[in-house]
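K.L.:
Submitted below is the structure of interest, expressed as structure tokens.
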Ligand code: HEM
Ligand SMILES: CC(C)=CCC/C(C)=C/CC/C(C)=C/COP(=O)(O)OP(=O)(O)O
């Protein structure tokens, strides 16, 4: 964690773009979208200004956790090809700058979210940052191949935070959204780990592909796709689901399981000869998979404003089983 290797390029100030890059904006865009959906689909309406400010601070909190992750992981980011051009390993920002930026932004975002919505949401955001930075990044990532399974919880909390902004609490629906992302994370990440294995071996990060090999990882991807499907479809029979969501989930999960099956059956030599083309496609499909599930929840929310649709959708709601 020292700054010894840091040499600021002459005459070049730390760039605004580099601070933005510390926020991991591309990954966080989907994270923030899930938080937004969590907020919008909740049964309690939120004033648009409060909603906007809350999402802004959830986004900043997520970004802050990304900056703290990059501060702590600078040593392994220097080794991995995929991450070598990040601001710290590339020498454009110092570790101290990233740490200060990440800490300041974390405090500001949690306090502001608490003030803008409610204390529970602010504390929930703080816990999520803690989970990603301390539990995942500092502890699990370097110690167990289950790192992303357990650590993945951090990435699954944002829709619950959005829901908490609106309702001040937790519900079956928000837990179901959490479970959807929680069980999606392993196949999402392991598909990438199949074609990024050498990066992780070089950095000695105990990802499943490194510790147990690609064959075991392939089996795990299929297993998680199979466990994920009933949870993803199950979300459709809660109060925030409905026929449009259910149809979307049925199609997406059939495709995701089929892809997981193909990944499991693929001979390593074939995958290597094809430069892991299918695995790469599966990784990108995983992003679409999650975005479309949350997109379908938004569509349900809009359609529920139409009374005829709302009463039709009601017949799919099995909420009486748990309420
Ligand atoms: C522990 C949990 C997770 C791990 C280990 C993980 C890992 C990764 C990695 C290593 C990448 C490649 C990033 C890059 O090229 O810089 C990636 C990409 C991505 N991840 Fe995840 N991910 C996790 C959870 C999530 C969650 C919860 C979301 C959103 C809800 C998400 C959304 C994305 C997106 C949108 C990309 C594509 C970024 C791009 O185009 O550059 N990830 N993920
Ligand atoms: C609101 C809030 C606090 C949200 C946090 C959301 C969250 C935990 C997202 C994690 C997604 C992510 C970039 C994982 C990368 O893992 P990695 O760090 O191992 O990947 P890397 O090798 O690309 O750094």
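Cβ atoms here come from the backbone N, Cα and C positions, even for glycine.
TrEMBL labels come from automatic prediction, so no person has curated them.
Pulled from TrEMBL, these are the listed features:
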TRANSMEM  27-46  transmembrane segment
TRANSMEM  52-72  transmembrane segment
TRANSMEM  98-116  transmembrane segment
TRANSMEM  122-140  transmembrane segment
TRANSMEM  147-169  transmembrane segment
TRANSMEM  175-195  transmembrane segment
TRANSMEM  221-238  transmembrane segment
TRANSMEM  244-262  transmembrane segment
TRANSMEM  282-299  transmembrane segment
K.L.:
So which of 52-72, 122-140, 147-169, 221-238 has the most C-beta pairs under 8 Å when paired with the transmembrane segment (175-195)?
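P.N.:
By the under-8 Å Cβ criterion, the transmembrane segment (175-195) pairs most with 147-169.
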K.L.:
Any chance you could find the range in 52-72, 122-140, 147-169, 221-238, 282-299 with the most Cβ pairs under 8 Å to the transmembrane segment (244-262)?
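P.N.:
Comparing 52-72, 122-140, 147-169, 221-238, 282-299 against the transmembrane segment (244-262), the winner is 221-238.
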K.L.:
Where, among 27-46, 98-116, 147-169, 282-299, do we find the most CB pairs under 8 A to the transmembrane segment (122-140)?
P.N.:
147-169
K.L.:
Sequence-remote contacts (6 or more beyond its ends) of the transmembrane segment (52-72), Cβ cut-off under 8 Å?
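P.N.:
1, 22-25, 27-28, 31-32, 35-36, 39, 46, 86-88, 95, 98-99, 101-106, 108-110, 112-113, 116-117, 121, 125-126, 128-129, 132-133, 137-138, 154, 158, 161-162, 165.
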